[in-house]
């Protein structure tokens with residue numbers, strides 16, 4: 001079996017096709033998907049979606065690209081997460097200096113708030129980091145994020161940064177980028193990350209793996225992420241599926 005540890009199924013282009021996607025997931029033996037929140041305005045629709053599907057789970061948080069109108073207070077995060085048993089993680093949070101370098105300090109403060117909420121709730125973090133690895137690791141250390149751990153989602157930083165994250169009790173999640181021809185860094189991560197620290201994801205509707213690159217992505221395609229990793233490591237795809245699924249349940253302990 002396979003689990004998509006990061007998708008955005010609540011986005012309209014996917015939620016409008018949810019029953020078709022669920023059929024595709026069953027065909028590809030994708031048993032669960034974590035639907036990741038990106039901001040305050042979409043949390044209600046996200047909760048409604050996962051509440052109607054037993055195999056879908058949710059997170060709560062504000063993506064670093066989103067503005068102040070999408071922010072939660074720490075009390076809002078804690079209250080909403082406590083009310084809904086399907087919210088199993090805090091995020092998507094983190095730092096993005098590639099697209100959003102105009103308001104770096106507010107990004108860093110928001111990231112710290114999410115980590116503090118995660119520690120209050122004892123829930124793992126879903127961390128986005130792009131062109132910001134040094135500050136991401138620094139803040140994770142300063143805010144004692146190792147106490148709750150989490151996942152470095154769609155990770156594309158160096159292996160040395162991955163090792164630091166693993167030492168901080170974080171898993172490394174590989175996306176469809178691993179299938180791209182120019183993705184040498186991600187292929188290195190897929191090879192070197194210990195199997196007991198590896199997760200797989202689609203980040204759908206983005207980043208469709210080969211042979212579907214450029215098309216709308218969905219959680220059923222996490223199968224192709226696992227397939228590529230199994231080819232790189234020269235092991236059975238079932239081993240990738242079993243180990244990454246076990247890791248998912250080990251990390252997200254709130255899953256019932």
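For all residues, glycine too, the Cβ spot is worked out from N, Cα and C.
Marked as divalent metal cation 1 binding site by TrEMBL: 6, 8, 92, 203. The feature divalent metal cation 2 binding site is assigned by TrEMBL to 128, 153.
This view paints the features noted in TrEMBL onto the structure.
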residue: 6; record: divalent metal cation 1 binding site; DSSP (3 states): strand
residue: 92; record: divalent metal cation 1 binding site; DSSP (3 states): strand
residue: 128; record: divalent metal cation 2 binding site; DSSP (3 states): strand
residue: 153; record: divalent metal cation 2 binding site; DSSP (3 states): coil
residue: 203; record: divalent metal cation 1 binding site; DSSP (3 states): coil
92, 203 as binding-site residues, winner by CB count within 10 A: 92
Proximal but sequence-remote residues of the same chain as residue 6 (divalent metal cation 1 binding site) (Cβ under 8 Å, at least 6 apart): 34, 36, 92, 126, 151, 153, 154, 173, 175, 201, 202, 203
Packing count at residue 128 (divalent metal cation 2 binding site) (other Cβ atoms within 10 Å of its Cβ): 25
Which listed residue (8, 153) has most other Cβ within 10 Å, given these are binding-site residues: 153
